[in-house]
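Novice: Below you'll find the structure I mean.
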Amino acid sequence: MGAPACALALCVAVAIVAGASSESLGTEQRVVGRAAEVPGPEPGQQEQLVFGSGDAVELSCPPPGGGPMGPTVWVKDGTGLVPSERVLVGPQRLQVLNASHEDSGAYSCRQRLTQRVLCHFSVRVTDAPSSGDDEDGEDEAEDTGVDTGAPYWTRPERMDKKLLAVPAANTVRFRCPAAGNPTPSISWLKNGREFRGEHRIGGIKLRHQQWSLVMESVVPSDRGNYTCVVENKFGSIRQTYTLDVLERSPHRPILQAGLPANQTAVLGSDVEFHCKVYSDAQPHIQWLKHVEVNGSKVGPDGTPYVTVLKTAGANTTDKELEVLSLHNVTFEDAGEYTCLAGNSIGFSHHSAWLVVLPAEEELVEADEAGSVYAGILSYGVGFFLFILVVAAVTLCRLRSPPKKGLGSPTVHKISRFPLKRQVSLESNASMSSNTPLVRIARLSSGEGPTLANVSELELPADPKWELSRARLTLGKPLGEGCFGQVVMAEAIGIDKDRAAKPVTVAVKMLKDDATDKDLSDLVSEMEMMKMIGKHKNIINLLGACTQGGPLYVLVEYAAKGNLREFLRARRPPGLDYSFDTCKPPEEQLTFKDLVSCAYQVARGMEYLASQKCIHRDLAARNVLVTEDNVMKIADFGLARDVHNLDYYKKTTNGRLPVKWMAPEALFDRVYTHQSDVWSFGVLLWEIFTLGGSPYPGIPVEELFKLLKEGHRMDKPANCTHDLYMIMRECWHAAPSQRPTFKQLVEDLDRVLTVTSTDEYLDLSAPFEQYSPGGQDTPSSSSSGDDSVFAHDLLPPAPPSSGGSRT
């Protein structure tokens, strides 16, 4: 035993010498935090730390100089700390969870053998402000014993997360905990500019004691860079955070797969069904049990008979509603149970079965009797499945086409693209159940995510729409669309009456760097146009080239471009509001021409509504004009991912799509035919201002506030009172009170009938100011004569030409 004892004594001596020698080594500055751990202060120096009530106090004390430091003990106010559920003691780290005033005091980390102090901290736990009101922070300015100096961060490890992404409507808090002597001040910048409460709808909360900025109910316009500036007379420091606000998903509730799960219970036991619901909009949850009425589980209309077991009450929470508890189950409790969850978009449901078994002693007898039958049944089912597999393989071989020649390209990847169906049905409809699928085989030697160099795509041929590539001659580019480029072309065989005569068409095709999603979207748009059918006032599908090369989608060509530029090009010449003073003016428009434009667009939207299609982006820029001045609505078949569209930022040419959106679409992402009617009212305003920009000079943040307060745009100069009343009805705050497109067609037809053909526009009337760059000029939001707003929420009297609403 002599040798082991000597070795143990030698180890202890080495540890003591190493601890003593470490006193002479330099140390780095220590940082307190929940995540990062860095060296602590030099022995003898006391670190002053301030924590909020309820925070986790975490003290870190690495070995000085990085060497060994042996066993340690943590001491508070001279008394050793005893580990507990709230006090977590480690060799180099101490955590005190849910801190309170009693946890304030002097903490130190000491070597157990020598009692040498390795790190020393002074901790003070303060109350967080009880409300969001601004605090003056004077109680933070007392002398803390720290030497006079520039500001510094006290909790830098809590500031590591510089990018914050949160869903809309959440509360965001940025913190910059700092100290200095004298106590520094803190100010906030957004995108490099001073940020105050009046700069944001809903305001902000500045909690100086917490060195924090709080924003409640964030919206996408709150995106940006937020910088805290902490300074005193000796210096300043700053930290920048980036905030990204994620759009609310316009989707019916999503239920977690596999829940509720089937249950098997013994008579008299307790059972719980669980249903996990995910929904951005507030969900409503119910638990249902399927029952029989007169021996039938469904009614004459196919609706199942159910009993509501659990639903929302005054004091129930969503978490409570996600669990259905059944106590002391009986045989009558066996059956099908459904979790039904709904929101403003639609409904989702999952079902599960409960099987109730007799008591355990009865089960033993049943098992013995049933084991023989189970064995026979399993062998029989296995043999039957084997026969089915053999028959299926044989049938597939007989029906399979002959293999391609050696010169044919190899199919490297087959993708099954779910096509986003733009025919948006009523809010309770299941979009997924009606989603068409098109099987697409990519023929290429590449395996990358793009479709570059793809010479051929295998799409199922549709004889009704397929056009031979030999009959198509591509021409000049017309522009770039969502999925690729659009070119002019001449097609032979489009007009069945004159099959040999070439017809000018527009061809949509993918760009060279297109992705699989771009292909899916273009195919989706094509399929949507097939389903919606033809109408004079929409852009119609003419054909497609899907075989033997790139995908080409042929649509009608509109020679005069979009309605917005069509109107601007026909503004009276010689004035500063004309679209292009260097270009000869086009034909002058009469008042009846403008009413005709509106009437035709209403006709097109009436047809789309009858086909259950919601446009979601109706504006003059999405209406095209043919050579014969026929209005055609475009882009109604686009597979828009509406919760990813950034409607809160300017587009490249300065337009703000929020200005066409109904309040329920803008704030809640609810799109209906009624929200399209609101957009139609804005389009009417565009028409009668000859392509004016809605709400000129109004910042987006102020627009939100003004719309909520009921402000609406004033009557355009070249618009009658009756037409303005139609606009105002389209802008009713309640979607159900807005006219339908069928009613709008009737109203505009009535106005068109009584309008004189020779009634030209008043050239002396002022138009909305427009600059080719699309930048809005600053203007007042007051309600004066030049304001673009009117204050009354509803018109004082119904339009004389509008008729009654039903």
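For all residues, glycine too, the Cβ spot is worked out from N, Cα and C.
What Swiss-Prot lists as active site, proton acceptor is D617, and the listing cites sequence analysis. Here Swiss-Prot flags L478, G479, E480, G481, C482, F483, G484, Q485, V486, K508 as ATP binding site. Residues or ranges marked as disulfide bond in Swiss-Prot: C61-C109, C176-C228, C275-C339. Residues annotated as domain 'Ig-like C2-type 2' in Swiss-Prot: 151-244. Summarising the annotation, Swiss-Prot assigns signal peptide to 1-22. Annotation source Swiss-Prot lists topological domain 'Cytoplasmic' at 397-806, citing sequence analysis. If you look up Swiss-Prot, you'll see 376-396 marked as transmembrane segment, on the strength of sequence analysis.
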Novice: DSSP helix, strand and coil counts for the domain 'Ig-like C2-type 2' (151-244)?
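Specialist: The counts are 10 helix, 50 strand, 34 coil.
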Novice: Would you say which of the recorded positions E480, D617 has the most Cβ atoms within 10 Å of its own Cβ?
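Specialist: The residue with the densest Cβ neighbourhood is D617.
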Novice: Can you grab the distance from C339 (disulfide bond) over to D617 (active site, proton acceptor)? Cα atoms, rounded to a whole Å.
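Specialist: Just about 35 Å between their Cα atoms.
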Novice: Please identify, from the recorded positions C61, C228, L478, the residue with the sparsest Cβ neighbourhood, meaning fewest other Cβ atoms within 10 angstroms.
Specialist: L478
Novice: Summarise the model confidence on the domain 'Ig-like C2-type 2' (151-244) as a single mean pLDDT, whole number.
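Specialist: Mean pLDDT for the domain 'Ig-like C2-type 2' (151-244): 87.
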Novice: A 10 Å Cβ contact count, applied to the recorded positions C109, C275, C339, V486: which residue has the minimum?
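Specialist: Selected from the recorded positions C109, C275, C339, V486 on minimum Cβ neighbours within 10 Å: V486.
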Novice: For D617 (active site, proton acceptor) and V486 (ATP binding site), determine the Cα separation and express it in whole Å.
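Specialist: For D617 (active site, proton acceptor) versus V486 (ATP binding site), the Cα atoms are 20 Å apart.
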Novice: Same-chain residues six or more away whose CB lies under 8 A from the CB of C176 (disulfide bond)?
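Specialist: The list for C176 (disulfide bond) reads W153, M159, I186, W211, S212, C228, V230, Q239, given in order along the sequence.
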Novice: Looking at Cβ-Cβ distances, which residues of the chain lie under 8 angstroms from G484 (ATP binding site) while being 6 or more apart from it?
Specialist: K508, M509, L510, K511, A514, D518, L522
Novice: Could you measure between C109 (disulfide bond) and E480 (ATP binding site) for me? Cα positions, answer in whole angstrom.
Specialist: 67
Novice: Roughly how many angstrom lie between the C-alpha atoms of C275 (disulfide bond) and V486 (ATP binding site)?
Specialist: 48
